[in-house]
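The structure under discussion appears below in the form of structure tokens.
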């Protein structure tokens, strides 16, 4: 069985790993290749701060909440493992701030120690009148992609830097199954009017005194368009930019000023922080994640395609649950082709 995964961000690499872990012992040979024109450190995943937090509003598809829950549980089970440092995985506590009271999020029982802020805590944030505190997880994308790459390499998965122009091109080369994890660029392979770029710009600063994440929310501005501060192992990520439909990869001075001024107002000690770097990336925004099978007619036969893209700004938050689901879809293909008996479920 020849499988090609297109895309080398967190969605592509985690999906490749799930498929190989589940089926390599019952399907031999299982030949998996990863094609991408961008690898770490140039992927969208590399730009992300990596804080586990779904959108505040409940998704229309309740399964997305399940996938996020599965991802949190998976990461929490590894947070004290010897590999946690290599994964870029650690626990972190922090604040979500609002101008007025809102309902608790659907994931309040998933994170640890969720509670409302006390009046004394709110005194630290004079621009906000309501908030939450809880402990979550950070999974730093750059570390995690390197770890996934190493695990896949150990398993014999091959990586090729190339720009795929069409599914037909890959099918003609002999792929039995194509896994489409191309993120915001999925529309180049198959038209998808629901998919749009959600441009973000972030700054990395040296501020080792920052120990808690601080996310602010402004309904009038919309998601990701108000300041946020997320500490990592080496640097602190500052952000607050979300521009739907903007394809510019250039760092913008106006956005730079918006981020810097907003975050320094939120946490005045950041005025003393040294700016390390600045990055721009595109969140693959879609009303719902596209995670489904499709049969494409390629010449005399059909080629199976598994689509797994459209994860917006929460790819690291939901990736493992989606990878498990994609692996299940792969298993159904094998069942229909009668190529393998299904292994016992341990996902």
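Any Cβ shown, glycine's included, is placed from N, Cα and C.
Values in this document were obtained by computation on a predicted structure and should not be read as measured data.
Record features, source Swiss-Prot:
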REGION    1-16  region 'Required for protein stability'
BINDING   8-11, 37-38, 43-45, 49-51, 163-164, 182, 283, 312-313, 315-317  FAD binding site
BINDING   53, 283, 313  D-dopa binding site
BINDING   224, 228, 283, 313  D-serine binding site
BINDING   228, 283, 313  D-proline binding site
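Look at residue 313 (D-dopa binding site): DSSP puts it in coil. Apart from 53, 283, 313, the residues listed for D-dopa, the same chain places the Cβ atoms of 48, 55, 223, 224, 312, 314, 315, 317 within 8 Å of the centroid of those Cβ atoms.
Same-chain residues with CB within 8 A of the center of the 224, 228, 283, 313 CB atoms, the D-serine site residues themselves not counted, are 198, 200, 223, 239, 242, 312.
Neighbour counts were taken at the CB atom with a 10 A radius for the binding-site residues 8, 11, 49; the maximum falls on 11. Nearest neighbour of residue 43 (FAD binding site) by Cα distance, taken over the binding-site residues 53, 224, 228, 313: 313. Mapped onto three states, the DSSP output places residue 283 (FAD binding site) in strand.
Each residue contributes its Cα atom, and for residue 228 (D-serine binding site) and residue 49 (FAD binding site) those atoms are 10 Å apart. In this structure, residue 228 (D-serine binding site) is part of a beta strand by DSSP. With 228, 283, 313 listed as the residues that bind D-proline, the site has a largest C-alpha separation of 16 Å. The Cβ of residue 53 (D-dopa binding site) has 24 other Cβ atoms within 10 Å, all protein chains considered. Least crowded of the binding-site residues (163, 283), judged by neighbouring Cβ atoms within 10 Å of its own Cβ: 163. Mean per-residue pLDDT, taken over the region 'Required for protein stability' (1-16), amounts to 98. Put simply, the two farthest-apart Cα atoms among 53, 283, 313, the recorded binders of D-dopa, are 15 Å from each other. Of the listed binding-site residues, namely 224, 228, the sparsest Cβ surroundings within 10 Å are found at 224. Packing around residue 43 (FAD binding site) is summarised by its Cβ count: 24 other Cβ atoms lie within 10 angstroms of its Cβ, all protein chains included.
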